[in-house]
Every structure is written in structure tokens, then in C-alpha cells.
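Marked as domain 'MATH' by TrEMBL: 26-149, 180-312.
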Amino acid sequence: MVISPISFLQIPKVEDNIKGQLKERKNAHFMLVDGISKLTTGKVQTYQSSDFHVSGLKWRLLIRPAIGVKDFLSFVLWITDEKCIGSNWEVKFVFKIGIVPRIGPEICYLYAGHHNETSLFQGLNSFISYMDLKERFIVNDKAAFYAEITDVQPNFPVIRIHRAMGTAERFKLIEVPRNNSRFTWKITQFSSFNGENHSSYEFTVGPRRWKLVMYPKGSGEGRGNSLSLYLNASEFVTNGPKGRTLAVFKMKVLDQLHRNHYETDHEDWFPYDPVNLKVCTLGRQNWLPLEELHKASRGLLVNDQIYIGVEFLFVSTTEYL
């Protein structure tokens, strides 16, 4: 563990602290997490930064509960560059991971890194305890993490782009207001649907527009035995970065007889690709067994009519600092 002598006692805001370091830390990326308690209380499973570039390669930060260690966060650096494919590539580098304190000296860890096809992630599983995080690093449910990457040595050609300063983002997980969290798709004459799949109207939740995509006779492993259901994230309705969006939501079919609805929980990261919409469509092939759907006593399909719904609990927004 490396203890930096820098003191932050005179800086009132974490955002100002980060901005003050960007010129000095040209190879660093800062991720200010707004809503860190949703991670430490288990409401979500992972936070990820936007992709960022250092030495001509693309990287990402992952923050999540430690595996096998109670009440600790893990902090991982992930190489996500498209050039890192196949079996013969490798990237050697030096990296520092840390967290910006509310009070007292900075705490960080310095490592020699080595990425290849079998090792895309490197970091520390027991990065910080929830107790230490709360006592020294959280301000108004915000905590700022960073990674600084230097001495990058790939074994393949890379066009290195000079960095004049570091980069920083604010990742915020917002609880969707109840009056805007639900969308229900009413389908009549369900048995007469032709074609492989059908889509609902688009609706807006958080920073993006969404729609449901249904395969009434299943897709992939669910073909012929299940109703497959997916959620698609399309255009942004905000001016922020157009990257991946974290959504925590429920998908359901309403029980029209007993209100014993069929529903499943989901937590997914939706990418943004206006050309290839399939990569922005996530769900389950074996979502609802057709046997269950057509069971008269179950009340899911009544008079050839079905109600398919989605309820959002949380969605993420991202902005540059």
C-alpha cells in the first residue's frame, strides 16, 4: 500500500478535488460514483466506468462487492480494446488504483500489470472495507475512484495519442420515480401474431428510449418451448456521453385473474450502437414456458389477450467532469 502525502482538508468538494488533479495525472481516469450506497447495500451488483483511452488502448474500471469477503469492495482495471483479440496478444503496464478521500491522506495501490487473453482484469479484490469507505471517503453518498496507467508495452502496433490531461466522469444511479417506472404492452389476438418477433411502442425512462421485443414462439434455446422477451435501449434523450447504461428492472406478464403476476428480476448494462440494434437488446430466450402461458388457470393469457410489462427500479446516467 502506498500512502500519498497530499492532504485534501482544504478542498470542500470531491468534484473540485478531481478537477484539480487532471493536469498533473495525465494518464489517469477518475470515476465519481454518485449513489455508492446502492452498491454496498446489494441493490446493484457492479458499477463500471465508461471506456477511456491511455497509450492508444481502451480501458474500463469495475467497482463491485468483493468475492468471498464480506463488507469489502473490489476495484478492477479491465482492458476492453478491440485490438486485444486472439491468442497471441499481451500488454504489460504499470497501474495505480486509488480512491479520493474526504479527509486525511490519499490511499492507493501500485502494481505491475499484465493483460492477455486469459487475464483481462487486474486489481484488488479486498480493495476497501465498507467501514473505511464510510468514515473517510463518502460525501453525500458519493465516492471517487481512479486508475493511473503508465509504461504501457503492447506486443502489437498501437498508435499512441498524447494526453494533455486526465479524464473524469460522474456515474450516477438514479431511482426511477414510480409514476414513470412502468410500461405495459397490451396485446390482443395474441394467437394470430405472424412473424418471428414483435416490438412495443418506444417509451422514455431516464436518459434513453426503450422498447420491449417479444418472440411469441421463442428464440434460440427457447424456440418452440418458451416466450422469449427482451428489452431494447435505443437513442439518448439527454446530451451526456452516449455509452453504456445500467438498468435494474423487472419484466412481467400480468395475471388477469388472481394478480399473481409472472415476473423476473434483471440487472443489465445496455450498450449504445445506432447501427447494430441487436447488441442493445438484452433478455432471456427461455423466459416464460409456453406451457405456463397457455395454462387457463394461470390467468396470463385470457381471451387471447396478454399484458406484458417492464418496471424500472434504477437507471444510470453519465456525464463528463
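Glycine residues also receive a Cβ, built from the backbone N, Cα and C atoms like all the rest.
Mean model confidence for the domain 'MATH' (26-149) is a pLDDT of 92. Taken residue by residue, the domain 'MATH' (180-312) breaks down under DSSP into 18 helix, 66 strand, 49 coil.
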